[in-house]
Amino acid sequence: AVYEQSCEAYRHQGKTSGFFYIDSDGSGPLGPLRVFCNITEDKIWTAVQHNSTGLTRVQGAGPEKPYTMSFNYNSSAEQLEAIINSAEYCEQEAAYHCKKSRLLNTPNGMPFAWWVGRANEKHLYWGGSLPGIQQCACGLEESCLDMRYFCNCDADREEWTNDTGLLAFKDHLPVTQIVITDTNRSNSEAAWKIGPLRCYGDRQFWNAASFNTEASYLHFPTLHAEVSADISFFFKTTAVSGVFLENLGIKDFIRIEISSPKEITFSIDVGNGPTEATVQSPTALNDNQWHYIRAERNLKETSLQVDNLPRKVLEAPAEGHFRLQLNSQLFVGGTASRQKGFLGCIRSLHLNGQKLDLEERAKMTPGVKPGCPGHCSSYGNLCHNGGKCVEKYNGYFCDCTNSAYEGPFCKAEVSALFEAGTSVTYTFQEPYPVTKNASISSSAIYVDAVMSKENIAFSFLTAHTPSLLLYINTYFHEYLAVILSKNGNLQVRYKLSKDGLLIFTIDSGNFANRELHHVKINREGRELIIQVDQVLKLKHNFSEIDFKAIKSLTLGKVTDSLSLDPEVSKANAYGFTGCMSSVQYNHIAPLKAALRHPSVAPVTVKGSLTESSCASIMEADVNTATTIYSSSDPFGKTDEREPLTNAVRSDSAVIGGVIAVVIFIIFCIIAIMSRFLYQHKQAHRNSQKKEKEYPENLESSFKADIDLQNTVSECKREYFI
């Protein structure tokens, strides 16, 4: 097998949404299939497109002449069944828009429309209903337009309505055909849509068993691998040695074991004496981390692969026995002698493309438990930018709550466009009651509220100076400000009650150059470190730091500007105009809070704040800078409020094209005839007319060019500043 067996496997390689080939049975007979893996924060969806996922219009179909559409998924039925069977959940959307076109209700009980699923089986229920119940979703919910019927369309009304829902009974999927028979009456019309096959959850990828004693094992039927064997699995352990699996014959055998902390051995004997393929790791493999093993044997060679280490290959002898003859049960996690058993976890065990259900067998075996905890120890490094790895029974997920980023790995930036005057203010909870006339003596109540550190990170893109990027103030009129000065230098300004005003200037270039810059300001105790674009720019040690009782953090313009010093006040005149991204202050993400949780977070937005992508704006040209791209599933849903928009669009385009061609031909004929009949008479008049109108046409054309240039210039100013 060249490709992974599921989208889940690609996700745990750190991949993001996109098209991938998956090979559900590994080295089995089924070939790979191209799918779309929609990797979200909570689920990993596998989508298989077919040849007609758009809304399709139907007219003129009756019982004698039914409308039929068959679906082609560019795959075999066996490939689709393998994807469905290995998933936890699958669905296909079924939508039927109708105007005087019935769906399921008929006098004799036979529906007017139906669909065909797996094994060419005909189904008489619709999306949102259950197998065996000839109803639609509204029938189950008791919400149909006419309560005498179990589908909205069965009310047979003159106005448009629809029945839409999900087909989610896995054994009936995928939908292979749809048949419609009630659009041949006067004013009768319908439009249908069957969505792509969508599944989530790999039942095998996290299928694991924990072996708690050396004498414990799982047993399965004999491995049939006379001429070829392909074995793969993950393991993790703290033991120095142990047998992963073993199958014996009278003389022949096959065994895979961890023979030492840094050594994996694949042993096999087909009657010519034992052959051993060994892979040695430079680091210990009993580190309680997940490791991957793939062992293969065929008539030409025996091979062993461990993680991404070099593959060990042994050529098969030219003569002698070649059939592996086994007759005992297959032991997993131990041996027939109950010695050298394995302590640890094994998961996702595949033998010749077949998946072994370790969890189900472990439920009835003493000394073995289904499942295996501790996935974050192996996959926690996939959670970035302060994201926290959270254990699940069958895997893990990255909690991005305290990160300025989002997405399945907390790597997707959260950014927005600021206009002149835009202000985003995050208000901190008061540590103690504060009065407006707080005296110096009252500072004692803030002794526990002194901030021991500031970890600030953000990215920005602008062409405006001066600018106020970030402003943090306290209840004691101390502040931290990050500004761009008039010449484009970056300034970090601390005003402290004891040290007074401290200004740190980064003058390594003009930062208002319409490029994306990354700023990190870290203070631990008295030590301050400033990085710009991943380069260390400044280190400073404060004599004493007493930055305490944080009141608020503002991005852009500070609305309460009475206490600002003159230099910060100049930068605050227009605030910040441009794009700001992934703002982090300690464990708080104020920009993300403003965009994602504006109603619950203590954040106030004034002025225009538009979500966008700073990186896309920097890379895009003028024509594409205003486009906001979506990373969701490309097989989008049609707007149901206008059910025939897409269906009629193609017809309208054809009719409009024909009319345009006819009008053009008529116009040409008239022009040629006019020119032929009045050639001599009109020639003189046309020449005079051209002489008079040419300057006007030239001026009009020139004005149009100027207007176009102004439009482009305005577009640049709007999205790059």
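Note that Cβ sites are derived from N, Cα and C of the backbone, with glycine treated the same way.
As annotated by TrEMBL, disulfide bond applies to CYS345-CYS372. Counting every protein chain shown, the number of other Cβ atoms lying within 10 Å of the Cβ of CYS345 (disulfide bond) is 23.
Annotated domain 'Fibrinogen C-terminal' per TrEMBL: 1-50, in sequence order. Predicted-model confidence for the domain 'Fibrinogen C-terminal' (1-50) is 86, expressed as mean pLDDT.
The domain 'Laminin G' feature in TrEMBL is assigned to 207-372 (among others).
Sequence annotations record features per position, and here TrEMBL assigns domain 'EGF-like' to 373-411. Taking Cβ pairs closer than 8 Å, the domain 'EGF-like' (373-411) reaches residues 8, 11-12, 14, 16, 39-42, 44, 201, 205-206, 236, 288-290, 457-458, 582-584, 587-589, 591-592, 596 in its own chain, all 6 or more past its ends.
Per TrEMBL, the feature domain 'Laminin G' maps to 429-614 (among others).
Look at TrEMBL and you will find 653-678 tagged as transmembrane segment.
Residue density at CYS372 (disulfide bond): 25 other Cβ atoms are found within 10 A of its Cβ, drawing on all protein chains shown.
Sorting the domain 'Fibrinogen C-terminal' (1-50) by DSSP state (H, G, I as helix; E, B as strand; all else coil) yields 5 helix, 17 strand, 28 coil.
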